[in-house]
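Undergrad: Below you'll find the structure I mean.
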Amino acid sequence: MRIILLGAPGTGKGTQGKFITEKYKIPQISTGDMLRESVVLKNKIGMIIKNIIEEGKLVSDEIVCHLIKNRIKKHDCINGFILDGFPRTIQQALYLSKKNIKIDYVLEFIIPHEYILERISGRRIHIQSGRIYHVKFKPPKIKDKDDLTGQTLITRKDDTKEGIKKRLEEYKKVHDPLVQYYIHEKKRGNIKFFQIDAMLSFSSIRKKLETILKK
């Protein structure tokens, strides 16, 4: 089962991806996590990525495709994987096709952009595990502490109002053409494409996902 998750920052696709991972035992490959891990390594490519992210721009297709190609070769992807945050552009989608990387499902999470600012600015992250909380919608049991480890939660540097607006502007430029590409692929019978209302409750979305992934 090979799945692509689409959706603007703050739609909750990462959280739902974790649910799919736990239920179907396939890894969730987050390009955001991969990019941040590269930055932490402080190697040549990591420093390039760091500068791009701090400017609020999107990392080039060449860099992201290189990271994805190496990741899906690993043994834990033998039964499938979830791509979270990839592809972001038509070029990245065509890269998958060119490399004969078969995708079964494309799931797009939809939410009005006016709600995204509130969702993202309230996010708190457990950096070691990737667990995501929200001060309003999904608060930790103890303020600013991870439920399982008790370690301190952080706010991403680019989760400021200015950073969020920049990311949404960049996202809009490439999102619509990408969705149209996958709608076309659905009509050709190459993939199964579904749009999901991300304003629904977590449990409602999960039930919907279970129904979709049985098809």
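Using the three backbone atoms N, Cα and C, a Cβ is placed for every residue, glycine included.
Straight from Swiss-Prot, here's the annotation block:
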type	residues	note
BINDING	G10, T11, G12, K13, G14, T15, R123, I132, Y133, L200	ATP binding site
REGION	30-59	region 'NMP'
BINDING	T31, R36, K57, L58, V59, G85, F86, P87, R88, Q92, R156, R167	AMP binding site
REGION	122-159	region 'LID'
Undergrad: Does DSSP put G14 (ATP binding site) in a helix, in a strand, or in coil?
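TA: For G14 (ATP binding site) - judged by DSSP and reduced to three states - the answer is helix.
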Undergrad: Which residue, of the binding-site residues K57, R88, has its CB surrounded by the fewest other CB atoms within 10 A?
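TA: Lowest Cβ count within 10 Å among the binding-site residues (K57, R88) is K57.
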Undergrad: Apart from its near flanks, which chain residues at least 6 from the ends of the region 'NMP' (30-59) lie with a Cβ under 8 angstroms of it?
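TA: 14, 17, 67-68, 71, 83-86, 88, 130, 157-158, 162-163, 166-167, 170, 174.
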Undergrad: Which whole-number mean pLDDT does the model give the region 'NMP' (30-59)?
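TA: Taking every residue of the region 'NMP' (30-59) together, the mean pLDDT is 83.
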Undergrad: Grab the ATP binding residues from the record (G10, T11, G12, K13, G14, T15, R123, I132, Y133, L200) and give me their largest CA-CA distance in Å.
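TA: Roughly 18 Å, rounded to the nearest whole number.
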Undergrad: Between V59 (AMP binding site) and G10 (ATP binding site), find the distance joining the two CA atoms and give it rounded to the nearest Å.
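TA: V59 (AMP binding site) and G10 (ATP binding site) have their Cα atoms 19 Å apart.
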Undergrad: State the count of C-beta atoms found within 10 angstroms of the C-beta of R123 (ATP binding site), not counting that atom itself.
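TA: Around R123 (ATP binding site), other Cβ atoms within 10 Å: 20.
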Undergrad: Which whole-number value in Å describes the distance between the Cα atoms of G10 (ATP binding site) and R88 (AMP binding site)?
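TA: On Cα coordinates alone, these residues lie 15 Å apart.
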Undergrad: Only counting partners 6 or more residues apart, tell me which same-chain residues put their Cβ under 8 Å from the Cβ of G14 (ATP binding site).
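TA: Sequence-distant Cβ neighbours: L5, Q28, S30, G32, D84, G130, I132.
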Undergrad: From the binding-site residues G12, R123, Y133, pick the residue whose C-alpha lies nearest to the C-alpha of T31 (AMP binding site).
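TA: It is G12, whose Cα lies nearest.
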Undergrad: Taking DSSP three-state, what's Y133 (ATP binding site) in: helix, strand or coil?
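TA: It is in a strand.
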Undergrad: Rounded to the nearest Å, what's the C-alpha distance separating R123 (ATP binding site) and F86 (AMP binding site)? Just drop the number here, would you?
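TA: Just about 21 Å between their Cα atoms.
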